[in-house]
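What follows is a short report on a single structure.
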Amino acid sequence: MIVKFHARGKGGGSGPVDYLLGRERNREGATVLQGNPEEVRELIDATPFAKKYTSGVLSFAEKELPPGGREKVMASFERVLMPGLEKNQYSILWVEHQDKGRLELNFVIPNMELQTGKRLQPYYDRADRPRIDAWQTLVNHHYGLHDPNAPENRRTLTLPDNLPETKQALAEGVTRGIDALYHAGEIKGRQDVIQALTEAGLEVVRVTRTSISIADPNGGKNIRLKGAFYEQSFADGRGVREKAERESRIYRENAEQRVQEARRICKRGCDIKRDENQRRYSPVHSLDRGIAGKTPGRGERGDDAAQEGRVKAGREYGHDVTGDSLSPVYREWRDALVSWREDTGEPGRNQEAGRDIAETEREDMGRGVCAGREQEIPCPSVREISGGDSLSGERVGTSEGVTQSDRAGNTFAERLRAAATGLYAAAERMGERLRGIAEDVFAYATGQRDAERAGHAVESAGAALERADRTLEPVIQRELEIREERLIQEREHVLSLERERQPEIQERTLDGPSLGW
(Lines of atoms letter the chains of each structure in order from A and count residues from 1; the text may use other names and numbers.)
(Lines give C-alpha, C1' and ligand atoms only; values in the text may rest on other atoms or scores of the structure.)
Protein backbone atom coordinates (compact mmCIF):
# COMPACT_ATOMS: atom_id res chain seq x y z
CA MET A 1 0.00 0.00 0.00
CA ILE A 2 1.15 3.50 -0.81
CA VAL A 3 -0.34 6.87 0.21
CA LYS A 4 -0.63 9.52 -2.49
CA PHE A 5 -1.81 13.12 -2.12
CA HIS A 6 -2.98 14.89 -5.25
CA ALA A 7 -1.72 18.37 -6.14
CA ARG A 8 -5.24 19.49 -7.00
CA GLY A 9 -7.52 21.39 -4.63
CA LYS A 10 -8.32 24.83 -6.06
CA GLY A 11 -11.42 24.04 -8.12
CA GLY A 12 -15.06 23.57 -7.26
CA GLY A 13 -16.54 20.63 -5.43
CA SER A 14 -18.00 18.99 -8.51
CA GLY A 15 -14.52 18.23 -9.90
CA PRO A 16 -13.27 15.69 -7.34
CA VAL A 17 -16.71 14.24 -6.62
CA ASP A 18 -17.54 13.76 -10.30
CA TYR A 19 -14.14 12.14 -10.87
CA LEU A 20 -14.66 9.63 -8.08
CA LEU A 21 -18.30 8.76 -8.83
CA GLY A 22 -18.97 9.99 -12.37
CA ARG A 23 -21.17 12.90 -13.40
CA GLU A 24 -24.26 10.72 -13.14
CA ARG A 25 -22.88 8.94 -10.06
CA ASN A 26 -22.62 5.75 -12.07
CA ARG A 27 -18.88 5.17 -12.45
CA GLU A 28 -18.16 1.49 -12.83
CA GLY A 29 -16.32 -0.05 -9.90
CA ALA A 30 -16.91 3.00 -7.64
CA THR A 31 -18.54 2.56 -4.22
CA VAL A 32 -19.16 5.20 -1.54
CA LEU A 33 -17.82 3.82 1.73
CA GLN A 34 -18.27 6.85 3.97
CA GLY A 35 -19.55 10.41 3.69
CA ASN A 36 -22.17 12.29 1.70
CA PRO A 37 -20.97 13.21 -1.82
CA GLU A 38 -23.39 16.13 -2.25
CA GLU A 39 -22.61 17.53 1.18
CA VAL A 40 -18.88 17.39 0.48
CA ARG A 41 -19.38 19.05 -2.90
CA GLU A 42 -21.39 21.91 -1.41
CA LEU A 43 -18.96 22.38 1.48
CA ILE A 44 -16.10 22.68 -0.99
CA ASP A 45 -18.07 25.22 -3.03
CA ALA A 46 -18.86 27.21 0.13
CA THR A 47 -15.24 27.25 1.32
CA PRO A 48 -13.76 30.74 0.73
CA PHE A 49 -10.12 29.69 0.87
CA ALA A 50 -7.66 29.50 -2.02
CA LYS A 51 -7.18 25.74 -1.71
CA LYS A 52 -10.64 24.37 -1.12
CA TYR A 53 -10.05 20.66 -0.59
CA THR A 54 -7.45 17.96 0.00
CA SER A 55 -7.64 14.69 -1.91
CA GLY A 56 -5.60 11.55 -2.28
CA VAL A 57 -5.69 7.78 -2.42
CA LEU A 58 -4.56 4.74 -0.48
CA SER A 59 -3.46 2.48 -3.32
CA PHE A 60 -3.10 -1.26 -2.70
CA ALA A 61 -1.47 -3.86 -4.92
CA GLU A 62 -3.94 -6.33 -3.43
CA LYS A 63 -7.51 -6.63 -4.70
CA GLU A 64 -9.01 -6.90 -1.24
CA LEU A 65 -8.17 -6.57 2.45
CA PRO A 66 -9.11 -8.94 5.28
CA PRO A 67 -12.71 -8.58 6.59
CA GLY A 68 -13.04 -5.26 8.40
CA GLY A 69 -9.62 -4.18 7.20
CA ARG A 70 -10.85 -1.34 5.02
CA GLU A 71 -12.77 0.32 7.82
CA LYS A 72 -9.87 -0.02 10.26
CA VAL A 73 -7.37 1.38 7.77
CA MET A 74 -9.65 4.33 6.94
CA ALA A 75 -10.26 5.17 10.61
CA SER A 76 -6.57 4.86 11.44
CA PHE A 77 -5.62 7.11 8.53
CA GLU A 78 -8.05 9.82 9.66
CA ARG A 79 -6.65 9.73 13.21
CA VAL A 80 -3.07 10.01 11.99
CA LEU A 81 -3.80 12.63 9.33
CA MET A 82 -5.88 14.89 11.62
CA PRO A 83 -5.03 13.98 15.24
CA GLY A 84 -6.91 15.89 17.90
CA LEU A 85 -9.98 16.50 15.73
CA GLU A 86 -13.34 14.88 16.42
CA LYS A 87 -15.54 13.47 13.68
CA ASN A 88 -17.86 16.48 13.83
CA GLN A 89 -14.97 18.87 13.14
CA TYR A 90 -14.32 17.80 9.56
CA SER A 91 -16.07 16.21 6.60
CA ILE A 92 -14.57 13.43 4.51
CA LEU A 93 -15.72 11.34 1.57
CA TRP A 94 -14.32 7.83 1.06
CA VAL A 95 -14.86 6.13 -2.31
CA GLU A 96 -13.59 2.68 -3.26
CA HIS A 97 -12.35 2.00 -6.79
CA GLN A 98 -11.92 -1.51 -8.17
CA ASP A 99 -11.84 -0.71 -11.89
CA LYS A 100 -8.04 -1.07 -12.17
CA GLY A 101 -7.90 -4.63 -10.90
CA ARG A 102 -6.68 -3.55 -7.48
CA LEU A 103 -8.09 -1.81 -4.42
CA GLU A 104 -8.02 1.97 -4.17
CA LEU A 105 -9.46 3.95 -1.26
CA ASN A 106 -9.93 7.53 -2.45
CA PHE A 107 -10.62 10.40 -0.05
CA VAL A 108 -11.70 14.05 -0.37
CA ILE A 109 -11.64 16.49 2.57
CA PRO A 110 -13.06 20.07 2.40
CA ASN A 111 -10.41 22.40 3.79
CA MET A 112 -12.59 23.87 6.52
CA GLU A 113 -12.89 23.01 10.20
CA LEU A 114 -16.64 22.74 10.78
CA GLN A 115 -16.94 24.06 14.35
CA THR A 116 -14.95 27.28 13.89
CA GLY A 117 -15.08 27.93 10.15
CA LYS A 118 -11.29 28.25 10.08
CA ARG A 119 -9.07 27.02 7.30
CA LEU A 120 -8.18 23.35 7.69
CA GLN A 121 -5.03 22.04 6.02
CA PRO A 122 -4.94 18.31 6.72
CA TYR A 123 -1.68 17.73 4.89
CA TYR A 124 1.41 19.87 4.33
CA ASP A 125 4.02 17.74 2.60
CA ARG A 126 7.15 19.13 4.19
CA ALA A 127 5.83 18.77 7.73
CA ASP A 128 3.48 15.80 7.45
CA ARG A 129 5.22 13.45 4.99
CA PRO A 130 7.43 11.74 7.65
CA ARG A 131 4.40 10.96 9.82
CA ILE A 132 2.33 9.63 6.89
CA ASP A 133 5.25 7.56 5.55
CA ALA A 134 5.73 6.05 9.00
CA TRP A 135 2.02 5.17 9.19
CA GLN A 136 2.28 3.57 5.73
CA THR A 137 5.15 1.40 6.95
CA LEU A 138 3.19 0.31 10.03
CA VAL A 139 0.06 -0.61 8.06
CA ASN A 140 2.00 -2.55 5.43
CA HIS A 141 3.83 -4.48 8.14
CA HIS A 142 0.68 -5.16 10.18
CA TYR A 143 -1.36 -6.56 7.28
CA GLY A 144 1.57 -8.02 5.34
CA LEU A 145 0.82 -5.83 2.33
CA HIS A 146 2.92 -5.14 -0.73
CA ASP A 147 5.71 -2.79 0.42
CA PRO A 148 6.73 -0.25 -2.25
CA ASN A 149 9.94 0.50 -0.34
CA ALA A 150 11.22 -3.06 -0.51
CA PRO A 151 14.16 -3.37 -2.95
CA GLU A 152 12.49 -6.20 -4.88
CA ASN A 153 9.43 -3.99 -5.45
CA ARG A 154 11.26 -0.99 -6.83
CA ARG A 155 9.76 0.20 -10.08
CA THR A 156 11.73 0.40 -13.29
CA LEU A 157 9.74 3.57 -14.06
CA THR A 158 8.07 6.09 -11.79
CA LEU A 159 5.83 8.76 -13.31
CA PRO A 160 3.92 11.66 -11.74
CA ASP A 161 0.14 11.39 -11.60
CA ASN A 162 -0.49 14.58 -13.57
CA LEU A 163 1.67 13.63 -16.57
CA PRO A 164 -0.26 13.93 -19.88
CA GLU A 165 -1.22 10.65 -21.50
CA THR A 166 0.99 11.19 -24.58
CA LYS A 167 4.08 11.81 -22.46
CA GLN A 168 3.21 8.90 -20.19
CA ALA A 169 2.85 6.54 -23.17
CA LEU A 170 6.23 7.65 -24.55
CA ALA A 171 7.99 7.13 -21.19
CA GLU A 172 6.45 3.68 -20.76
CA GLY A 173 7.46 2.68 -24.30
CA VAL A 174 11.03 3.84 -23.76
CA THR A 175 11.27 1.91 -20.49
CA ARG A 176 9.94 -1.29 -22.07
CA GLY A 177 12.65 -0.98 -24.74
CA ILE A 178 15.35 -0.44 -22.11
CA ASP A 179 14.08 -3.44 -20.15
CA ALA A 180 14.21 -5.65 -23.27
CA LEU A 181 17.78 -4.56 -24.01
CA TYR A 182 18.75 -5.23 -20.39
CA HIS A 183 17.44 -8.80 -20.46
CA ALA A 184 19.17 -9.31 -23.83
CA GLY A 185 22.48 -8.42 -22.17
CA GLU A 186 23.06 -5.29 -24.25
CA ILE A 187 22.69 -2.87 -21.32
CA LYS A 188 25.04 -3.28 -18.39
CA GLY A 189 24.98 0.17 -16.82
CA ARG A 190 23.58 3.69 -16.82
CA GLN A 191 25.88 4.86 -19.60
CA ASP A 192 24.47 2.14 -21.83
CA VAL A 193 20.98 3.47 -21.09
CA ILE A 194 21.95 7.00 -22.18
CA GLN A 195 23.56 5.62 -25.35
CA ALA A 196 20.46 3.54 -26.16
CA LEU A 197 18.23 6.60 -25.76
CA THR A 198 20.45 8.64 -28.09
CA GLU A 199 20.56 5.90 -30.73
CA ALA A 200 16.76 5.72 -30.61
CA GLY A 201 16.65 9.37 -31.73
CA LEU A 202 15.84 10.85 -28.32
CA GLU A 203 17.71 13.87 -26.97
CA VAL A 204 19.02 13.52 -23.43
CA VAL A 205 18.79 17.02 -21.95
CA ARG A 206 19.54 16.41 -18.28
CA VAL A 207 21.10 13.75 -16.06
CA THR A 208 20.75 13.78 -12.26
CA ARG A 209 21.53 11.34 -9.47
CA THR A 210 18.08 9.72 -9.63
CA SER A 211 16.73 10.47 -13.12
CA ILE A 212 17.36 11.14 -16.82
CA SER A 213 15.32 13.76 -18.70
CA ILE A 214 14.67 13.59 -22.43
CA ALA A 215 13.17 16.15 -24.80
CA ASP A 216 9.61 15.52 -25.94
CA PRO A 217 9.68 14.83 -29.71
CA ASN A 218 6.27 16.51 -29.98
CA GLY A 219 7.43 19.65 -28.19
CA GLY A 220 6.56 20.97 -24.78
CA LYS A 221 8.17 20.22 -21.45
CA ASN A 222 10.88 17.62 -21.07
CA ILE A 223 9.98 14.11 -19.90
CA ARG A 224 11.66 12.99 -16.71
CA LEU A 225 12.51 9.26 -16.59
CA LYS A 226 12.84 8.05 -13.02
CA GLY A 227 13.30 4.46 -11.87
CA ALA A 228 15.82 1.69 -11.37
CA PHE A 229 17.25 1.91 -14.91
CA TYR A 230 17.79 5.67 -14.72
CA GLU A 231 19.48 5.99 -11.34
CA GLN A 232 23.17 6.61 -10.88
CA SER A 233 23.44 3.41 -8.83
CA PHE A 234 22.64 1.39 -11.97
CA ALA A 235 26.33 1.00 -12.84
CA ASP A 236 26.84 -2.71 -13.35
CA GLY A 237 24.06 -4.59 -15.07
CA ARG A 238 25.62 -7.98 -14.35
CA GLY A 239 25.40 -7.42 -10.61
CA VAL A 240 21.98 -5.78 -10.48
CA ARG A 241 20.12 -8.97 -9.63
CA GLU A 242 22.63 -9.99 -6.95
CA LYS A 243 22.56 -6.49 -5.50
CA ALA A 244 18.76 -6.48 -5.36
CA GLU A 245 18.69 -9.84 -3.61
CA ARG A 246 21.26 -8.68 -1.07
CA GLU A 247 19.37 -5.45 -0.35
CA SER A 248 16.10 -7.37 -0.02
CA ARG A 249 17.63 -9.72 2.53
CA ILE A 250 18.96 -6.81 4.59
CA TYR A 251 15.60 -5.05 4.33
CA ARG A 252 13.76 -8.08 5.72
CA GLU A 253 16.28 -8.58 8.51
CA ASN A 254 15.83 -4.97 9.66
CA ALA A 255 12.04 -5.15 9.57
CA GLU A 256 11.51 -5.01 13.34
CA GLN A 257 13.92 -2.12 13.80
CA ARG A 258 12.27 -0.28 10.91
CA VAL A 259 8.82 -0.79 12.43
CA GLN A 260 9.94 0.50 15.84
CA GLU A 261 11.43 3.60 14.23
CA ALA A 262 8.26 4.16 12.20
CA ARG A 263 6.15 3.85 15.36
CA ARG A 264 8.31 6.45 17.12
CA ILE A 265 8.14 8.90 14.20
CA CYS A 266 4.40 8.43 13.83
CA LYS A 267 3.71 8.97 17.54
CA ARG A 268 5.87 12.07 17.79
CA GLY A 269 4.35 13.53 14.64
CA CYS A 270 0.83 12.87 15.90
CA ASP A 271 1.58 14.53 19.24
CA ILE A 272 2.85 17.67 17.51
CA LYS A 273 -0.06 17.79 15.08
CA ARG A 274 -2.59 17.14 17.86
CA ASP A 275 -1.32 20.06 19.93
CA GLU A 276 -1.43 22.30 16.89
CA ASN A 277 -4.98 21.29 15.96
CA GLN A 278 -6.34 21.62 19.48
CA ARG A 279 -4.76 25.03 19.90
CA ARG A 280 -5.93 26.26 16.51
CA TYR A 281 -9.46 24.87 16.62
CA SER A 282 -10.33 25.31 20.28
CA PRO A 283 -14.16 25.57 20.35
CA VAL A 284 -14.31 27.89 23.39
CA HIS A 285 -11.69 30.26 22.03
CA SER A 286 -13.25 30.33 18.60
CA LEU A 287 -16.79 30.95 19.85
CA ASP A 288 -15.61 33.78 22.11
CA ARG A 289 -13.95 35.41 19.14
CA GLY A 290 -17.06 34.93 17.05
CA ILE A 291 -19.33 36.52 19.67
CA ALA A 292 -16.97 39.46 19.94
CA GLY A 293 -17.57 40.10 16.26
CA LYS A 294 -14.15 39.06 14.99
CA THR A 295 -13.68 36.80 12.01
CA PRO A 296 -12.18 33.46 13.15
CA GLY A 297 -8.98 32.65 11.37
CA ARG A 298 -9.00 35.68 9.12
CA GLY A 299 -5.56 36.52 7.84
CA GLU A 300 -3.86 33.70 9.70
CA ARG A 301 -2.17 32.45 6.53
CA GLY A 302 -0.91 34.64 3.74
CA ASP A 303 -1.96 32.25 0.98
CA ASP A 304 -5.66 32.55 1.80
CA ALA A 305 -7.03 34.95 -0.79
CA ALA A 306 -10.56 34.85 0.61
CA GLN A 307 -11.87 35.82 4.02
CA GLU A 308 -11.44 33.01 6.54
CA GLY A 309 -13.93 31.84 9.11
CA ARG A 310 -17.07 33.26 7.43
CA VAL A 311 -18.78 30.11 6.29
CA LYS A 312 -19.76 27.64 8.98
CA ALA A 313 -20.07 26.56 12.58
CA GLY A 314 -19.69 29.15 15.30
CA ARG A 315 -20.20 32.01 12.78
CA GLU A 316 -23.14 30.65 10.84
CA TYR A 317 -25.26 29.92 13.87
CA GLY A 318 -26.47 33.42 14.42
CA HIS A 319 -23.43 35.67 14.14
CA ASP A 320 -23.35 38.60 11.76
CA VAL A 321 -21.50 37.74 8.56
CA THR A 322 -21.57 40.35 5.83
CA GLY A 323 -19.97 40.90 2.46
CA ASP A 324 -20.92 40.26 -1.14
CA SER A 325 -17.91 38.00 -1.62
CA LEU A 326 -19.58 35.17 0.30
CA SER A 327 -20.78 32.19 -1.67
CA PRO A 328 -24.51 31.77 -2.46
CA VAL A 329 -24.65 28.62 -0.35
CA TYR A 330 -23.42 30.43 2.73
CA ARG A 331 -25.64 33.46 2.13
CA GLU A 332 -28.61 31.10 2.03
CA TRP A 333 -27.59 29.55 5.36
CA ARG A 334 -26.99 32.98 6.90
CA ASP A 335 -30.32 34.44 5.74
CA ALA A 336 -32.13 31.36 7.00
CA LEU A 337 -30.60 31.62 10.47
CA VAL A 338 -30.56 35.37 11.13
CA SER A 339 -32.96 37.43 9.01
CA TRP A 340 -32.29 41.15 9.26
CA ARG A 341 -35.58 41.87 7.46
CA GLU A 342 -39.00 42.10 9.11
CA ASP A 343 -40.66 38.73 9.52
CA THR A 344 -43.74 38.66 7.25
CA GLY A 345 -45.18 35.50 8.76
CA GLU A 346 -45.17 33.68 5.44
CA PRO A 347 -44.57 29.92 5.51
CA GLY A 348 -40.84 29.21 5.29
CA ARG A 349 -38.81 26.27 4.17
CA ASN A 350 -38.03 25.29 7.79
CA GLN A 351 -41.53 25.23 9.28
CA GLU A 352 -41.84 21.51 8.64
CA ALA A 353 -38.45 20.95 10.26
CA GLY A 354 -39.65 22.99 13.24
CA ARG A 355 -42.71 20.80 13.64
CA ASP A 356 -40.56 17.66 13.42
CA ILE A 357 -38.24 18.99 16.11
CA ALA A 358 -41.16 19.91 18.37
CA GLU A 359 -42.62 16.42 18.01
CA THR A 360 -39.23 14.86 18.69
CA GLU A 361 -38.87 16.97 21.82
CA ARG A 362 -42.22 15.77 23.17
CA GLU A 363 -41.47 12.13 22.38
CA ASP A 364 -37.96 12.14 23.86
CA MET A 365 -38.54 14.44 26.83
CA GLY A 366 -36.38 13.34 29.74
CA ARG A 367 -34.30 10.88 27.73
CA GLY A 368 -30.72 11.12 26.50
CA VAL A 369 -31.47 10.66 22.83
CA CYS A 370 -27.83 10.31 21.84
CA ALA A 371 -27.36 7.37 24.18
CA GLY A 372 -27.59 4.04 22.48
CA ARG A 373 -26.71 5.40 19.05
CA GLU A 374 -23.36 4.97 17.38
CA GLN A 375 -21.42 8.09 18.23
CA GLU A 376 -19.74 8.57 14.86
CA ILE A 377 -20.52 12.25 14.92
CA PRO A 378 -21.07 13.57 18.48
CA CYS A 379 -24.14 15.67 19.14
CA PRO A 380 -23.33 19.39 19.28
CA SER A 381 -23.84 21.51 22.32
CA VAL A 382 -26.57 24.07 22.75
CA ARG A 383 -24.04 26.82 22.20
CA GLU A 384 -22.93 25.25 18.91
CA ILE A 385 -26.50 25.04 17.60
CA SER A 386 -27.67 28.48 18.70
CA GLY A 387 -24.38 30.26 18.08
CA GLY A 388 -24.13 31.77 21.55
CA ASP A 389 -25.76 35.21 21.87
CA SER A 390 -27.20 35.03 18.39
CA LEU A 391 -30.06 37.35 19.27
CA SER A 392 -27.94 40.02 20.86
CA GLY A 393 -27.65 41.92 17.61
CA GLU A 394 -31.19 41.21 16.37
CA ARG A 395 -33.54 44.14 16.26
CA VAL A 396 -36.93 43.19 17.63
CA GLY A 397 -39.79 44.90 15.81
CA THR A 398 -42.30 46.75 18.02
CA SER A 399 -44.71 48.08 15.45
CA GLU A 400 -47.20 45.19 15.44
CA GLY A 401 -50.37 46.05 17.34
CA VAL A 402 -49.04 49.41 18.59
CA THR A 403 -51.36 52.38 18.13
CA GLN A 404 -49.49 55.33 16.65
CA SER A 405 -51.82 58.14 17.91
CA ASP A 406 -51.26 59.73 21.32
CA ARG A 407 -54.68 61.39 21.55
CA ALA A 408 -56.77 61.24 24.71
CA GLY A 409 -58.95 58.46 23.28
CA ASN A 410 -56.07 55.95 23.38
CA THR A 411 -55.50 55.03 26.97
CA PHE A 412 -52.06 54.35 28.28
CA ALA A 413 -52.98 50.83 29.36
CA GLU A 414 -54.12 49.89 25.86
CA ARG A 415 -50.93 51.23 24.27
CA LEU A 416 -48.78 49.42 26.82
CA ARG A 417 -50.59 46.12 26.28
CA ALA A 418 -50.30 46.52 22.52
CA ALA A 419 -46.58 47.25 22.73
CA ALA A 420 -45.98 44.26 24.98
CA THR A 421 -48.03 42.03 22.68
CA GLY A 422 -46.01 43.12 19.66
CA LEU A 423 -42.68 42.54 21.39
CA TYR A 424 -43.69 39.15 22.73
CA ALA A 425 -45.01 38.11 19.33
CA ALA A 426 -41.77 39.13 17.63
CA ALA A 427 -39.70 37.26 20.19
CA GLU A 428 -41.91 34.19 19.87
CA ARG A 429 -41.51 34.23 16.08
CA MET A 430 -37.73 34.32 16.51
CA GLY A 431 -37.92 31.34 18.84
CA GLU A 432 -40.01 29.40 16.34
CA ARG A 433 -37.58 30.24 13.53
CA LEU A 434 -34.61 29.12 15.61
CA ARG A 435 -36.33 25.88 16.60
CA GLY A 436 -37.04 25.10 12.97
CA ILE A 437 -33.87 26.36 11.38
CA ALA A 438 -31.01 25.47 13.72
CA GLU A 439 -31.46 21.72 13.34
CA ASP A 440 -32.10 21.96 9.59
CA VAL A 441 -28.88 23.87 8.89
CA PHE A 442 -26.75 21.74 11.17
CA ALA A 443 -28.11 18.58 9.52
CA TYR A 444 -27.43 20.14 6.12
CA ALA A 445 -23.78 20.74 7.05
CA THR A 446 -22.99 17.49 8.85
CA GLY A 447 -25.55 15.00 7.61
CA GLN A 448 -26.79 14.32 11.14
CA ARG A 449 -30.30 14.93 12.46
CA ASP A 450 -30.23 13.69 16.02
CA ALA A 451 -33.12 14.42 18.33
CA GLU A 452 -30.82 15.71 21.08
CA ARG A 453 -29.78 18.59 18.85
CA ALA A 454 -33.47 19.40 18.49
CA GLY A 455 -33.82 19.57 22.27
CA HIS A 456 -30.75 21.78 22.48
CA ALA A 457 -32.19 24.04 19.80
CA VAL A 458 -35.45 24.39 21.76
CA GLU A 459 -33.55 25.17 24.95
CA SER A 460 -31.53 27.78 23.11
CA ALA A 461 -34.69 29.30 21.66
CA GLY A 462 -36.17 29.43 25.17
CA ALA A 463 -33.11 31.28 26.38
CA ALA A 464 -33.51 33.64 23.46
CA LEU A 465 -37.12 34.30 24.48
CA GLU A 466 -35.99 35.10 28.01
CA ARG A 467 -33.46 37.56 26.65
CA ALA A 468 -36.17 39.14 24.49
CA ASP A 469 -38.44 39.32 27.56
CA ARG A 470 -35.74 41.20 29.46
CA THR A 471 -35.59 43.74 26.66
CA LEU A 472 -39.25 44.67 27.39
CA GLU A 473 -38.46 46.07 30.82
CA PRO A 474 -36.60 49.20 29.67
CA VAL A 475 -39.21 49.73 26.94
CA ILE A 476 -42.10 49.67 29.42
CA GLN A 477 -40.21 51.86 31.87
CA ARG A 478 -39.50 54.41 29.16
CA GLU A 479 -43.16 54.34 28.07
CA LEU A 480 -44.23 55.11 31.63
CA GLU A 481 -41.82 58.03 31.86
CA ILE A 482 -42.98 59.46 28.55
CA ARG A 483 -46.64 59.13 29.57
CA GLU A 484 -46.01 60.83 32.91
CA GLU A 485 -44.15 63.69 31.24
CA ARG A 486 -46.97 64.19 28.76
CA LEU A 487 -49.60 64.23 31.54
CA ILE A 488 -47.59 66.86 33.42
CA GLN A 489 -47.22 68.93 30.26
CA GLU A 490 -50.96 68.69 29.57
CA ARG A 491 -51.84 69.81 33.12
CA GLU A 492 -49.42 72.72 32.91
CA HIS A 493 -50.88 73.69 29.55
CA VAL A 494 -54.45 73.66 30.93
CA LEU A 495 -53.43 75.76 33.93
CA SER A 496 -51.65 78.29 31.72
CA LEU A 497 -54.76 78.63 29.53
CA GLU A 498 -56.91 79.22 32.61
CA ARG A 499 -54.52 81.90 33.86
CA GLU A 500 -54.62 83.67 30.49
CA ARG A 501 -58.44 83.71 30.41
CA GLN A 502 -58.92 85.27 33.92
CA PRO A 503 -57.94 88.91 32.93
CA GLU A 504 -60.23 88.72 29.92
CA ILE A 505 -63.19 87.81 32.15
CA GLN A 506 -62.43 90.69 34.50
CA GLU A 507 -62.30 93.22 31.62
CA ARG A 508 -65.73 92.18 30.36
CA THR A 509 -67.37 92.89 33.80
CA LEU A 510 -69.45 96.20 33.67
CA ASP A 511 -70.68 98.30 36.58
CA GLY A 512 -74.48 98.81 36.10
CA PRO A 513 -76.77 101.37 37.74
CA SER A 514 -77.72 100.87 41.33
CA LEU A 515 -81.17 99.41 41.85
CA GLY A 516 -81.66 101.09 45.09
CA TRP A 517 -83.78 104.11 43.87
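Note that Cβ sites are derived from N, Cα and C of the backbone, with glycine treated the same way.
Per Swiss-Prot, these features apply:
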- Y19: active site, O-(5'-phospho-DNA)-tyrosine intermediate (ACT_SITE)
- H97, E104, N106: divalent metal cation binding site (BINDING)
- 281-310: region 'Disordered' (REGION)
- 297-310: compositional bias 'Basic and acidic residues' (COMPBIAS)
- 380-405: region 'Disordered' (REGION)
- 496-517: region 'Disordered' (REGION)
- 496-510: compositional bias 'Basic and acidic residues' (COMPBIAS)
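Features recorded in Swiss-Prot, as mapped to the structure shown.
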residue : record                                                : DSSP class
Y19     : active site, O-(5'-phospho-DNA)-tyrosine intermediate : helix
H97     : divalent metal cation binding site                    : strand
E104    : divalent metal cation binding site                    : strand
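Cα-Cα distance from H97 (divalent metal cation binding site) to Y19 (active site, O-(5'-phospho-DNA)-tyrosine intermediate): 11 Å (rounded to the nearest whole number). Other Cβ atoms within 10 Å of the Cβ of N106 (divalent metal cation binding site) number 22 in total over all chains. Using the Cβ center of H97, E104, N106 for divalent metal cation, the list of other same-chain residues with Cβ within 8 Å runs, in sequence order, L20, A30, V57, S59, V95, E96, Q98, L103, L105. In this structure the C-alpha atoms belonging to Y19 (active site, O-(5'-phospho-DNA)-tyrosine intermediate) and N106 (divalent metal cation binding site) are separated by 10 Å.
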